[in-house]
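Here is the structure we will look at.
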Amino acid sequence: MSLSIANMTRRFGQTEVLRGIDLDIGKGELVALLGPSGSGKTTLLRIIAGLDWPDAGSLAVDGQDWLGRTAQARRTGFVFQHYALFPHMKVRDNIAFGLTVLPRSQRPPSAQIEARVRELLHFLQIDALADRYPSELSGGQRQRVALGRALAISPRLLLLDEPFGALDAQVRRDLRRWLRGVHEASGTTTIFVTHDQEEAFELADRVVVMGAGRIEQIGHPDEIYDHPASAFVARFVGLTVELPVTMHQGRAEAPGIDLTALPRRAMADGPATLFLRPSDIAVRPDPEGCFRVAEIVSTGALLRLQLTGPDGCGIEAEMPRRRIAGLETGQPVLLRPEAGRIFPAAPRSDQPATPAPLPAFKEQRL
Amino acid sequence: MTAIAPAAPVRAKRVLPGFGLTMGVTLTYVGVIVLLPVIALVLKGAEIGPERFVQIITAPRTRAALQLTLVAATMATIFNALYGLLMAWVLVRYDFPGKRLLDALMDVPFALPTAVAGLALTALFAGNGWYGALLQPLGIEVVYTIWGVALAMSFTSIPFVVRSVQPVLEDLDPQYEEAAVTLGAHRWTIFYRVILPAILPAWLVGITLSFARSLGEFGAVVFIAGNLPMKTEIASLLAFIRLEEYDYNGAAAIALVLLFIALVLLVASNLLQARAMRYKGKGA
Ligand SMILES: Nc1ncnc2c1ncn2[C@@H]1O[C@H](COP(=O)(O)OP(=O)(O)OP(=O)(O)O)[C@@H](O)[C@H]1O
Ligand SMILES: [Mg+2]
C-alpha cells in the first residue's frame, strides 16, 4: 500500500507540531521517522493511524483519501510506544482481539481465529506465553505480543512508535533483525518511529529525518550519513564538532587546522561552519599547532580527546587507541579533518526551533 | 562441635519505616470501634438461643420488614449501579458547562443530614409536591410505598458508586481505547471489552457499599415510608421499635440478620473483585 502525505499541518493550541509535511512512501517500503524528542513523530504516526486529525493537508493511501475514514476502517497495525496491551486479557486474547471484534458477518469462525493466533505465537516465538497476562511478561515479550496483536488483522500498513524504546541494547539488536524479517515476510508497508540513529539506519530502506515539525531530509541511510542536507541533520547524525571557518575560492580555511583533505565546494566566499564527526579528525602532534590536548580518556577501543583551540573553544576528537602513541595532555597538536560538511554560517534558523508560533504561518492560516 | 553458622536470613527492607506503629494503631481502631460492637451484638444474639431466634425472625411482622428492606435495597442498588456508572462516565469523559457544579452536587447526599433528605424527598413526592403532583395522575404513588423506600435508599447511597468508579475511570490510560480502535473495535465493543473490565472491581466496591448502606438506611427512609407495620416498615426501624419496647432480644435478632446479610455481601463482593483483578498477577 502506498501512502502520500501533502502539506500536512497540526497544532495543539499555540504549539505548531507539524509545519507542512510532504512525504511519499511506496508499497512494501520500510521507512524510519527519525528525530529528536518533540519533533512531531508520534503526532504524524497517529494521524496516519486515524487517532488524530491534521488541521490542514491531505493523506492518501493507494490514491484514496484517508482523512475521511475512521481509525477502525483504516485497519492499520499500530504498535504503541508502551505497547498498550490489554491488561485483563491473556496473551492469546490480546492477539485475537482484532479478529474477535469484527462484525459477525466478517468474523472468521473461532477455530480459524485460534489457528491464526497459534500461527502468530509460533511466528513470534512466544508459544509458551499464550496463557499469561501482560503483567507476567518481560519488556521484549510484551513487544512481541504487541506486534502480534497488530499483525493479527493482516494490516497492509504497519505503524510502530519507538518499538524498541524501552528495551536494553542486546534485545533491541535482536528484535531489529527480527522486525526486518517480519516486514519482509508479511509484505506490509512499515513506518517506524525512533530517535536512535543507529536503529533507523540499520533497519530502514529510507530514513525521514524530522526536526521541529518539518522534514529535514529524506534519503537512504548512507546518503543521510554522508551528505546531511542541513546543519540540523548534520548535528543529529553525529557531526557534533562545529568549527568556524572562512570560505575562500571554494576552500575552507581556519587557523591551526589543515583542511586540505576536504574537497572544494561551490560556495561563496565568507564565513561558514564546518561540521565534523569526532572520529573524522586526525590529530598530529606538532609544536606549531595551536590546539592543545586538554584531556585524554580511553574507552577501551577508542581514545577520546578534548582539545582546546586558540580562542579557548573546546572540541572533541576520537580515534582508535593504537593509532596514536605518545600523545600527552598539554601537547600542541595540528588537526586534519578527513571528512566533514560545510554550511554557510547563517543565522541559526536551521536549529530545531523551540515550538513557538511562527507569525508567517499564522497569516497563512487565517 | 563446629556448627556452620546459618546465613542470616535476608529481610526485605521496607521503603517506609513505622510499619509496627501504623499497623498497631490500625488494629486497635478496628478492634475497639468496629469489631467489639459486632462481637457484642453476636454475643447478645447467642444469648437468645436458637429457638427463640427463629421465632423472632419468622414472625410475620419481622419477615415483612426484612423482605421490604431487602427488596427495596436491591431496587435502589440496581438503579444506583447503572445510574452511578453513567454519572461517573459523564463526569469523567465529557466537558460541559456546569461540570464542576455537578461534580460537587454528587456529594450532597452524603453531606446532607439524612433526616433533611427524607423530609425533602417526602415533600417533593407527596401528592401535593412538585413531583408527586405529576406522578399522581399517572397512578404512581411514591410516598408511603416501597417505591418511596427505594427512592430514599437510592438517594443516600448513590455517591458510593459514582465516587468509586470515577477515579478509576479518570486514570484509565486512553491508549487502551486507541489500541482497540486501531484494531477495528467500535464504541460498544470497546466499552464492554476494554473499559468495563478495567473499572469492574471499583464498580463492584461501589455497588456493595451502596447496597450495605441501603440495608441500614434509617433517617431518610422513615420520613417517606410511612412505617406501616407489615407494609412499609423497614428492618432497622423495627429493631429500633423493639428496643423502645425494651425487647432487647427482638432488636438484637433483627440487627444480627442485617449484619449477616451485609457480611455475606462483603465477602461475595471481595471474591468477585479478586476474580476481576486476577490479571494483575504475581508479576505485577
Ligand atoms: N495532545 C497534545 N496536546 C498538546 N500538545 C501536544 C499533544 N500531543 C503532542 N503535543 C506536543 O507536540 C509536540 C510533538 O509531540 P510528539 O509526541 O509528536 O513528539 P515525538 O517526536 O513523538 O517525541 P518523542 O520522541 O519524545 O516521543 C510536543 O511538543 C508535544 O508537547
Ligand atoms: Mg513519540
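The backbone N, Cα and C atoms fix where each Cβ goes, and this holds for glycine too.
Unlike curated records, TrEMBL annotations are generated automatically.
Summarising the annotation, TrEMBL assigns transmembrane segment to B:19-43, B:64-90, B:110-130, B:142-162, B:190-211, B:218-241, B:253-272. Under the heading domain 'ABC transmembrane type-1', TrEMBL lists B:66-269.
Contact between the transmembrane segment (B:19-43) and the transmembrane segment (B:142-162) is not supported, since fewer than 3 Cβ pairs fall under 8 Å when only residues 6 or more apart in sequence are counted.
Spatially, the transmembrane segment (B:190-211) is not adjacent to the transmembrane segment (B:110-130); fewer than three Cβ-Cβ distances between them are under 8 Å for residues at least 6 apart in sequence. Long-range Cβ contacts of the transmembrane segment (B:64-90) within its own chain (Cβ-Cβ under 8 Å, at least 6 residues beyond either end) map to 57, 102, 106, 146, 149-151, 153-154, 157-158, 160-162, 165-166, 169, 203, 206-207, 210-211, 214-215, 229-238, 254, 257-258, 261.
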